[in-house]
Amino acid sequence: MATGTKSRPISSFLLRNPRIRLIGLLAFPMTWIIGVYIVSLFLLLITAFWYVDPFSSLVRPGFTLDNFIDVFTVPAYLSTSIRTLFIALAVTFLCILFAVPLGLYMAKIARPWVRNLLAVAITLPLWAGYLVKIIAMRLVFTEQGFFNWAMAPFGIKGPGFSVPIVILTLTYLWFPYMALPVFTAMRQIPHNLFDASSDLGARGFMTIYRVVIPLIIPAIIAGSVFTFSLSLGDYLAARFTGGATQMIGSLIAANINLNPPVAAAFSMIPIAFVVIYLMVARRTGSLERM
Amino acid sequence: MALIQIRGLRKTFGSVTAVAGITLDIESGEFITLLGPSGSGKTTVLRMIAGFENPDEGVITLGEEEITHLPPFDRDVNTVFQDYALFPHMTIQENVEYGLRTRKVAKAERARQALEAITSVKLAHVADRLPHQLSGGQRQRIALARALVLRPKVLLLDEPLGALDRQLREEMQIELKRIQREAGITFIFVTHDQEEAMRMSDRIVVFNEGRIEQVGTPEEVYERPATRFVAGFLGVSNILEGEASRAVGGSGASISIRPERIRIEPDSYKSSGEESALVGLLTEVAYLGANTIFIIEADAGARISVTKLNQELPSQNVRFATGDRVLAVWRKNHASEISV
């Protein structure tokens with residue numbers, strides 16, 4: 001518009017100065033990302049190399065690898081890391097195990113209203129608070145809880161608060177983050193690939209193994225980044241449904257006041273696990289071949 | 001005994017009848033085309049032969065074996081899909097090997113047979129690529145190789161050339177016909193393109209509204225259309241009814257006569273005993289390059305379209321102009337009575 005220069009000075013100024021326009025666009029998000037995300041993570045990393053003065057119990061800046069050495073050499077610490085890794089992998093595996101058949105059913109077999117109902121059922125737990133869900137699981141598996149009551153006629157008794165219940169609780173918490181991407185990816189598989197597979201002689205399992213799974217691998221990896229990393233960092237599930245079970249998060253929580261550098265060093269472990277996990281996923285080539 | 005026998009096949013989807021009870025025999029080694037407009041049931045019949053749909057009624061027999069309700073993986077038939085349905089995450093080689101893998105063919109043998117099949121469609125150089133790196137025509141040929149490597153008794157082709165451009169389409173038509181002849185496999189080909197059907201088929205099955213209108217060689221269905229639908233779907237036809245039909249000595253049943261079989265004569269022309277003629281007014285002359293189309297409004301009440309191949313320069317060969325009284329003349333054995 002010809003009158004634009006007069007009536008809209010800011011717009012026309014920005015139009016002529018793309019650099020300033022870019023700054024205007026990114027000022028807030030970049031402040032947030034750099035100022036809060038990156039700096040706090042960086043501070044965490046730095047703190048991991050600091051130490052606690054044994055006399056004053058105050059945190060002193062410096063450079064020591066002792067915190068990391070502790071993490072890897074103190075048997076209780078090491079076994080906790082391994083237990084946490086195992087729990088996170090088990091949660092991820094269970095989520096995949098539930099999500100793939102469910103996604104297949106929802107995407108390819110279910111009638112539209114059943115599909116919508118299931119989609120709501122999957123996302124419904126996301127509406128409830130995180131603690132609420134942990135307490136719900138605690139109530140189900142407590143000594144006089146629902147599980148023991150319902151299973152009593154069959155002579156089955158629950159394991160009590162322990163690692164398996166932590167795994168179930170975390171699976172319950174993070175399942176939607178696996179189920180939704182898997183379902184979405186499944187819907188995008190053209191139906192005639194299923195026809196073609198069976199036409200070429202494949203039965204159901206082979207079709208799932210050779211056609212469906214490879215095509216939804218990116219979704220499984222996306223979902224597993226959530227289930228895996230959220231499980232690695234969690235400690236309330238272990239606290240309320242794990243009995244004596246300790247996870248990395250439990251150790252961080254225990255050390256955060258007494259020994260912040262050790263807590264910081266522990267915080268690096270889940271990050272390292274996730275980075276290694278993503279590198280392995282990348283290595284397999286399953287991300288590029290799409 | 002026919003290789004495939006279809007008896008009383010019926011399929012409904014909800015309240016829609018897709019296939020309304022068809023019976024058909026398909027001979028071994030035959031190239032047979034199921035031709036019809038979209039929604040006529042031809043693809044549903046193909047999908048029932050493949051095993052993707054379960055018929056509501058009827059029986060399908062392949063060789064000695066009844067296959068009506070067998071799953072697709074237990075049938076000795078393979079399909080070339082409309083949009084190829086190549087597995088996007090597998091290389092061309094892996095795609096072609098897929099069916100051999102399900103049959104537990106040893107690895108080296110599998111690779112050898114697959115490469116042979118890929119070579120036979122002249123695409124050995126793309127064996128290591130992924131489907132999305134290929135052109136439509138190449139994907140088409142790979143889909144064909146993937147099905148043929150299993151040496152099925154019957155190959156089902158569901159509008160496989162629909163997505164190709166015209167030139168590629170004609171090349172593929174010739175190629176398909178050659179492959180079918182050399183492999184000696186029965187091809188059941190679905191299309192809505194009547195020219196494609198005429199060009200390739202030993203026999204054509206014309207579908208309309210879930211029923212078979214006519215089965216015959218291309219010449220039979222073109223020259224002797226059984227119904228008004230067939231006459232109109234394969235090429236263009238003049239339909240003479242009632243008075244017009246009686247005026248050329250018919251019983252009053254509808255008569256079909258192709259525009260290119262009619263010639264125009266002056267109204268003084270005396271037709272022979274082997275000829276039929278209708279007198280009328282020439283109302284339109286349209287020059288279309290290869291052909292000229294004449295429209296005659298017959299006195300007996302019919303609009304007759306006449307096609308004349310322009311073997312001479314039309315401007316130097318003007319015999320008739322709009323407004324002339326003319327005779328439309330044809331040989332009696334070129335016309336056929338149709339039902340419905």
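Every residue, even glycine, has its Cβ placed from backbone N, Cα and C.
Curation does not apply to TrEMBL; its annotations are automatic.
Among the features that TrEMBL reports, domain 'ABC transmembrane type-1' is placed at A:81-281.
Taken from TrEMBL, the feature transmembrane segment covers A:20-52 (among others). A Cβ distance under 8 Å defines the sequence-distant neighbours of the transmembrane segment (A:20-52), meaning residues of its chain 6+ beyond its ends; these are 13-14, 58-68, 259-261, 264-265, 267-268.
Outside the transmembrane segment (A:85-105), and at least 6 residues removed from its termini, the chain residues within Cβ reach (under 8 Å) are 118, 122, 163, 166-168, 170-171, 174-175, 177-179, 182-183, 185-186, 208, 212-213, 216, 220, 223-224, 227-229, 231-232, 247, 273. Sequence annotations record features per position, and here TrEMBL assigns transmembrane segment to A:85-105 (among others).
As annotated by TrEMBL, transmembrane segment applies to A:117-141 (among others). Listed as Cβ neighbours of the transmembrane segment (A:117-141) (distance under 8 Å, sequence separation of 6 or more from its ends, same chain) are residues 102, 105-106, 110, 147-148, 158, 160-161, 165, 168-169, 172-173, 175-176, 179-180, 183, 236-237, 240-241.
Taken from TrEMBL, the feature transmembrane segment applies to A:161-186 (among others).
Residues or ranges marked as transmembrane segment in TrEMBL: A:207-230 (among others). Long-range contacts of the transmembrane segment (A:207-230) within the same chain, counting only residues at least 6 positions beyond its ends with a Cβ under 8 Å from a Cβ of the stretch, are 88-89, 91-92, 95-96, 99-100, 103-104, 170-171, 173-175, 177-182, 184-186, 189, 193-194, 197-198, 270, 273-274, 277-278, 281, 286-287, 289-290.
Only residues 6 or more beyond the boundaries of the transmembrane segment (A:262-280), in the same chain, are considered here, and those with a CB under 8 A from a CB of the stretch are 44-45, 47-48, 50, 67-68, 70-71, 77, 81, 84-85, 88, 221, 224-225, 228-229, 232-233, 248, 251-252, 255-256. Positions annotated as transmembrane segment by TrEMBL: A:262-280 (among others).
Same-chain neighbours of the transmembrane segment (A:161-186): 83, 87-88, 90-92, 94-96, 98-100, 102-104, 106-108, 119, 122-123, 125-126, 130, 133-134, 137-138, 141-142, 212, 215-216, 218-220, 222-224, 226-227, 230-231, 234, 237-238, 240-243, 245, 247, counting only residues six or more beyond its ends whose CB sits under 8 Å from a CB of the stretch.
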